[in-house]
Amino acid sequence: MGIDWNSFLEGLTTALRFENLLFIIIGGFLGTVVGMLPGLGAATAVAVLIPITFGMDPTSALILMGAIYYGSMYGGSRSSILVNTPGDASSIAATFDGYPMTRKGQAGQALTLATLASLIGGFFAIIGMMFLTEPLSSFALQFGPAEYFFLLLFTLSAVVSLSRGNLIKGFISMFLGLMMTTVGVDSQSGVYRYTFDIPHLSDGVDFLIIIIGIYAVGEVFYNLLNIKNEDLKVKSDVGKVWITKEQWKRMLGPAIRQGPVGFLIGILPGAGGSIASMISYSTEQQISKNRDEFGKGAPEGLAAPESSNNAAGVGAFIPLLTMGIPGSGTTAVILGALIMLGMQPGPMLFENQPEIAWTFINSLFIGNIVLVIINLALVGALIKILKTPSKILYPIILVLGFIGAYTLGYNIIDFYILIIFGLLGLAMKLLDIPPAPLILAVIIGSSLEQNFRMANVRYDSFMDILTASPIAMVFAALTILSIFLPKILNYLAKPKV
Amino acid sequence: MRRNTKFLGLLMAGMMGVLAACGNASGEAEYPNGNIEIVAPATPGGGWDTTARGIQNTLDENGLVEENMNVSNKPGGGGEVGWQYLAQQDSHAISINSSLLLTNNLLGQSELTHEDFTPLATLATEWISVAVPADSDIENGIDMLDRLKEDPTSLNIAVGPALGNNDHLSFVSVADEYGVDVSQLEFMIYESGGDVLTALLGGHVDVATMALSESLEQHLNGEIEIIATTADKPIPEDESIPSWQDQGIDYTFPHWRGIMGPADMTDEEIAYWNDTFSQMVETEEWGTLLENQGWDDFYLDHEGSVEFLEEQDQMYEELLDTAGMTE
C-alpha cells in the first residue's frame, strides 16, 4: 500500500481543526506532567480520562489519548535527568548519562538535548508509520516464542554488558531481578509461586513499584545517610539551557541511528520503550568513539535512549491500528476506550475509516512539535527543582513515590513492598551494584520465561529453538557478542610486547 | 406527679410514633441513601473496568439512579481482591462478576463464592470461538477434533490469560465429549487475548480458543478462520460461521458477566436493583455498549441470577474435573 495522499491531506486538515489542536496541547501538557511523576504513567492518565471521552467524537478521543501518551514519553525522562528517578520504565536509560550531566551542572542542556533527541526519534517513527505500516505489521508477526526468547535474552545481556569491568555485579543484579519475577501465578501451569496466600501477590509485584522503590526511595535513603556530605551535592549551577555546537554534533548521530531501531522494537507487541532504550544505549556505547565517557554524562548516552524510546512509543501504535493488538499497557487501555466509543481498530480501519487513521498519524506529527515547544519552555521552570533544598525535595519525592505506588494496585501492601525495595536499592548503592540489570530483568523476566517454556512446547530441542528462524539466530548471535565483544576488543587493543 | 408521668408517657409515645413514621418513610423511599460504589475488580481500562464505567454512565444518563455513583478499581487475584473488598462493604457497594467468582473457589484459590454475595443481575454474554490461521489445512471443527483424538499432542493450542478460564474450559469440554484424551492437550498460555491473536496471525500456534469478539474482526478480513463457536444461534456479522451445534456436537457455552452486592441485602434493596437494572437493559446506551463490546443481552434479575449461578457452579465443578484441574 502506498501512501494515500487524499486521506493524508484530509487527516491533516482534521488534525489542525481548532478543537483537535486544543486536545493535542492539553493532552501533551498533561502527559508531560504525569510522565514526570514516578509511577504515574500514561496508562493511568489515559484510564482516568476514559469517562471524559464518553460521548466525544472517537477521532478527537484518539487524538487526546495519543497526546497524553506521547507527552508522558517526553515527561518521563525529566525526572530521570534531574533527580535520578525515572518516571517510568522506558526512561531508566535516561538516568545513565542524564543524571551525570546534571551533576556536572549541565541540567538545562541535558533536558534540551533529551527533548531534541526525542523529536528526532519521533520524526523518524512517524515517517516510518506513514510509509511502512503494512510491511512492518507483518514483520511483527514473525516473532514467535523462539524469536521473543532470544530478543529478550539479548536485551538482558546488552544491559549486563554495560557494567564493564564488573560483569559479576551486573549478573548478580540481573539474577536478583529474575528471581523477583517468579512471584505470582505461573501462567503455563497455573501454579502459585511465592504468593504467601496474599491475593494481591498473585499477579506478581508490579515492576513500577520496584522501579520507584529502588530508584526513588533508595535514592532518598542514600541521601539521608549522606545529607551532610558535600561531595554529593548537585551543583546548583544549572548551566545554560541551550546546548553547545559540540553537544549537538555528538548527539545527532546516535539520535538518527537509534530512532529507527527504537521504532522497529516498538512495533513488536510486548517489547516497547524500556527494551528499545536499553538496546539503543548499549549499542551506542559499543560503537562510540567516546565509549569511556558513557555513564559520566556523555551526550551520546542520553540522546540514544531518548530517541529510541520516543520512536518505540510511536511504533507501538502500529499493531494497535492495523491489527487491533495493543503492544503495551497504555495502548491496551487506549484500545479499551476506543472500543467503548464504537471504533474497532484492526485490519478494516485503514480500509473503512482511513480518515481516522490519518488524522491520528498527523496529530502525532503535530503533537511532536507542540511537545518540543512545551518541553523547551518548561526547561527553565524545571531546573529550579534542583535549587530546592534537599530537606524539602526528598520528602516530596518520597510522597510522590508512595502516591504512585498506591495508584498501581490501590492496596497498602504495596507500601511495605516499596519500602523493602527502597532498602534493597540503598544496599545496592552502597555495594555499588548497578540497578539497571535488576530492573530490566523484572520487566522482561516473566515474558522471557513464558516464551522459553512455550518454545519448549513447540520445538523438540534447544537446537530447534535456536534454529527456528533467521531472526532467532541473529538475536542469539548478538547475545553472545554483547557479552564477549568488549573482551575481545580489549584483548586486540592491548599493545603486544 | 402522676399527671406528669402520664403526660411524659403520651409525649414519648407520640414521639416514637413520629420517629417510626419517619423511619418507615425514609427506609422505603430512600434506599439508596448515599453514594453508590461500583467496584471494578480490575485495573482501569480492562474489561471489568469498562463494564463498570459503562453501567455507571448508562444509569446516570438515564436518571435511573439519582445518587452519586463512583467506580473504584480493586485489581488483583483474578477478581479476588475486589470481591474481598465488596464483602466488607454495606449495600451501597456493588461489583461486576463473572464465572471467575465460581472457578476461583473451585480451584481452591479463594474462600469466597457466589453464596457470599447477593446476585443482583446477570447482564450480558459473549460466545467463545475456535480459530485457525487462514492458510491452515484444518478444515473444520470436527477435522480438528479427529486429529486431536488420534494424537492429542499434534496441535499447539493458544489460550489466554490463564488455564481454567472459559476459553480453556469450553475447549476441553468439547474435546472431552468427542473422546479426546484431554489430559494430553498442549496448551500455550499467552498473557492476553491480544497476544493469542498475534500468535495465531503469525502462525506460531495451530489453533486458538478465544472470545468471539476478539477473533471476529480478523475472520471477516480473511486473516484467520473461525472453525467453531459455542453460540446457540448464527452470528449476525457472518452467518456462515459454524457453531459446534451446526457440526453435530450438542454444546453451547455462554461467557456471562453480572453484577452483585454484599451478602444479606434486604428484599427492598434487591427490589430496587431489580427495578433499576431491568430498566437499564432496555436503554439505548446499554444497547450500544453491548454492540460495541460484541456482547449479547442476557438479562436475568436477582431470582434468575441466584438460580443461574447455582447451575453454573455445578457445571464448572464438572468442567474443572474433566480438565483435571481440581484436587
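Using the three backbone atoms N, Cα and C, a Cβ is placed for every residue, glycine included.
Keep in mind that TrEMBL annotations are predicted by a computer and have not been checked by a curator.
Noted in TrEMBL for the protein shown:
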DOMAIN    A:21-440  domain 'DUF112'
TRANSMEM  A:21-40  transmembrane segment
TRANSMEM  A:46-70  transmembrane segment
TRANSMEM  A:110-133  transmembrane segment
TRANSMEM  A:139-160  transmembrane segment
TRANSMEM  A:167-185  transmembrane segment
TRANSMEM  A:205-225  transmembrane segment
TRANSMEM  A:317-340  transmembrane segment
TRANSMEM  A:360-383  transmembrane segment
TRANSMEM  A:392-409  transmembrane segment
TRANSMEM  A:415-444  transmembrane segment
TRANSMEM  A:465-485  transmembrane segment
Exercise. Quick one: do the transmembrane segment (A:46-70) and the transmembrane segment (A:205-225) reach 3+ CB pairs under 8 Å, ignoring pairs fewer than 6 apart in sequence?
Worked result: no
Tertiary contacts of the transmembrane segment (A:110-133), defined by C-beta under 8 angstroms and 6+ residue spacing from its ends, are 1, 3, 8, 70, 73-74, 77-78, 81-82, 94, 98, 101-102, 241-243, 247, 251-252, 254-256, 258-260, 262-263, 266, 297, 299, 302-304, 306-315, 317-318, 321-322, 350, 361, 364-365, 368-369, 371-372, 375-376, 379, 382-383
Message: Check the transmembrane segment (A:415-444) against the transmembrane segment (A:167-185) for contact, please; criterion is three or more CB pairs under 8 Å, pairs 6 or more apart in sequence.
response: yes
Can at least 3 Cβ pairs under 8 A be found between the transmembrane segment (A:392-409) and the transmembrane segment (A:205-225), with each pair 6 or more apart in sequence?
-> yes
Same-chain residues at least 6 beyond the ends of the transmembrane segment (A:360-383) with CB under 8 Å of its CB atoms are 8, 11-12, 14-16, 20-21, 24-25, 27-29, 32, 59, 62-63, 66-67, 70-71, 74-75, 78, 82, 107-108, 111-112, 115-116, 118-119, 122-123, 126, 129-130, 238, 241, 314, 317, 321
Given the transmembrane segment (A:465-485), its same-chain partners at Cβ distance under 8 Å and 6+ residues beyond its ends are 142-147, 149-151, 153-154, 157-158, 160-161, 167, 282, 286, 455-456, 459
Restricted to the domain 'DUF112' (A:21-440), the mean pLDDT of the model is 85
